[in-house]
Amino acid sequence: MIEFVYPHTQLVAGVDEVGRGPLVGAVVTAAVILDPARPIAGLNDSKKLSEKRRLALCEEIKEKALSWSLGRAEPHEIDELNILHATMLAMQRAVAGLHIAPEYVLIDGNRCPKLPMPAMAVVKGDSRVPEISAASILAKVTRDAEMAALDIVFPQYGFAQHKGYPTAFHLEKLAEHGATEHHRRSFGPVKRALGLAS
């Protein structure tokens with residue numbers, strides 16, 4: 001993979017999201033400005049790390065980063081805006097929540113939200129840019145914990161296992177029990193379960 005060349009600036013924030021594909025829950029984003037004086041070993045795309053490693057890195061990122069922030073868009077916002085626009089909104093919220101304003105923002109993927117500072121989308125950024133890797137870890141650990149909490153309230157759906165993604169088990173339980181208030185009503189399988197599909 002081509003090595004990423006950083007912009008000529010000091011304070012760079014990385015931004016990533018987790019949860020665009022699930023049928024339930026918020027899309028969660030994170031923004032992270034790392035401290036060059038306190039490097040963190042082993043940063044990588046959160047999906048390539050074990051849960052144990054993600055949890056350990058999450059704590060290290062929170063402790064060592066110059067600034068970090070979480071953003072989110074709730075299911076009703078996803079339904080109103082669509083998943084792409086809701087994700088952009090959640091990214092804007094994460095950047096706005098940083099207590100140090102970044103000079104430049106690097107976003108995982110191929111689209112940038114409108115921000116008050118220069119920004120660039122980086123394809124496969126979660127594997128190429130440590131700031132984005134750190135953001136991906138914070139977002140995933142946060143969203144996974146939310147799904148585990150939701151699983152306690154609604155154990156019949158298996159949220160702790162599939163994290164809300166449309167697995168065969170989730171679709172079966174959706175058909176059997178209907179949708180919760182946390183499901184995204186604009187998503188096809190949920191629409192069908194509610195009898196709203198045309």
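Each residue, glycine too, has its Cβ placed from N, Cα and C.
Feature annotations, courtesy of Swiss-Prot:
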DOMAIN    10-198  domain 'RNase H type-2'
BINDING   Asp16, Glu17, Asp108  divalent metal cation binding site
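Sequence-ordered, the extra residues of this chain that approach the divalent metal cation site, with Cβ no more than 8 Å from the Cβ center of Asp16, Glu17, Asp108, are Val15, Val18, Thr29, Ala30, Met91, Ile107, Gly109, Gly125, Asp126, Ile132, Ala135, Ser136, Ala139.
Using a 10 Å Cβ-Cβ cutoff, Glu17 (divalent metal cation binding site) registers 28 neighbours. Summarising model confidence by region, the domain 'RNase H type-2' (10-198) averages a pLDDT of 95. Cβ contacts within 10 Å of Asp108 (divalent metal cation binding site), excluding its own Cβ and spanning all protein chains shown: 27.
Cβ contacts within 10 Å of Asp16 (divalent metal cation binding site), excluding its own Cβ and spanning all protein chains shown: 31.
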